[in-house]
Amino acid sequence: MSKKPVRVAVTGAAGQIGYALLFRIASGEMLGKDQPVILQLLEVPVEGPQKALKGVMMELDDCAFPLLVEMTAHSDPMTAFKDADYALLVGSRPRGPGMERAELLAVNGAIFTAQGKALNAVASRDVRVLVVGNPANTNAYIAMKSAPDLPAKNFTAMLRLDHNRAASQIAAKTGKAVADIEKLTVWGNHSPTMYADYRFATIGGESVAQMINDQEWNANVFLPTVGKRGAAIIEARGSSSAASAANAAIDHMRDWALGTNGKWVTMGIPSGGEYGIPAETMFGFPVTCENGEYKIVEGLEIDAFSQERINITLAELEGEKAGVAHLL
């Protein structure tokens, strides 16, 4: 018995991340090899991006993906999000030369207010939303606050790229396989202030913290490397990390939809007050996923160094929140 197709809306669909993402959604990597999909693709109402989107759709056609039932191109979120079961909000305004962060927040605030309102109006009442476009946590917060009729818990921000970057650095440091790393998490904002935390992590049942046993490396090499990895990639490649971001989006949605089998992953989610994080703050937490729902891993001890790092990333998020308060 074949499954009923689900509707997946993707914004910024003709952009670099969109291009790295859509083929993997259509091939079944995100929702499973037995789950047919309908792609509802949104781009800005400008000739260039709309034309580019048509080209991407031609390529998707040419892949003859068995699971891709239908796809549509849109310039209006009110049609793009119609009955969407999943929405990946990839498109955002990047920071231009000489642009202040406050300006960036304002420009994106307008985009995500409109998209939140559109989701509220027309998406499935159970839509699962992932915000990839930066500043991801605050954009997700804006979308959530603009969609009062949808469950707040269905709005998430992407911290998985930071999580995967941290796992990769730990694998390189220990000489172990990245697939064997468990119980790693990233707290806070998707920004250089994020706190990648391997205090509870294990590889083959052994403590990663004991294996590495080097607080100097943790504070002065590991955390800055993970935090500034995006900038390092722009420096090396001449453009931003698109394929790794798309890969993280696939990981995030797959785990949310299909479950993590008890493994910890990191998701940016609205706080319920856990670990002293103010309610509704869109914050990276350790979670497990089962039956389409995520659950925060509770009861972890927060030592002095960790508390200090969590406070730094929280302060940044509170500042961003204050910066967009007038939009909501």
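Each residue, glycine too, has its Cβ placed from N, Cα and C.
Secondary structure at G18 (NAD(+) binding site), taken from DSSP and collapsed to helix, strand or coil, is helix. For G18 (NAD(+) binding site), the count of additional Cβ atoms within 10 Å of its Cβ stands at 25 [all protein chains shown]. The feature NAD(+) binding site is assigned by Swiss-Prot to G12, A13, A14, G15, Q16, I17, G18, N108, Q115, V132, G133, N134, with sequence analysis given as support.
Look at Swiss-Prot and you will find R95, R101, N134, R165 tagged as substrate binding site, backed by sequence analysis. Summarising the environment of N134 (substrate binding site), the number of other Cβ atoms within 10 Å of its Cβ, over all protein chains shown, is 21.
Annotation for H190 (active site, proton acceptor): same-chain Cβ neighbours under 8 Å, separated by at least 6 residues, are N134, P135, A136, N137, A157, M158, L159, L161, D162, G268, G284. What Swiss-Prot records for H190 is active site, proton acceptor.
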Quick note, Q115 (NAD(+) binding site) and R165 (substrate binding site): C-alpha atoms separated, nearest Å, by 29
So what sits near R95 (substrate binding site) in its own chain, CB-to-CB under 8 Å and at least six residues off in sequence? R101, L104
Excluding its own, the Cβ atoms lying within 10 Å of the Cβ of R101 (substrate binding site) add up to 14
Quick note, G18 (NAD(+) binding site) and R165 (substrate binding site): C-alpha atoms separated, nearest Å, by 20
How many Å separate the Cα atoms of R165 (substrate binding site) and Q16 (NAD(+) binding site)? 19
Cβ proximity for Q16 (NAD(+) binding site), under 8 A, sequence spacing 6+, ordered by residue number, returns S239, S240, A242
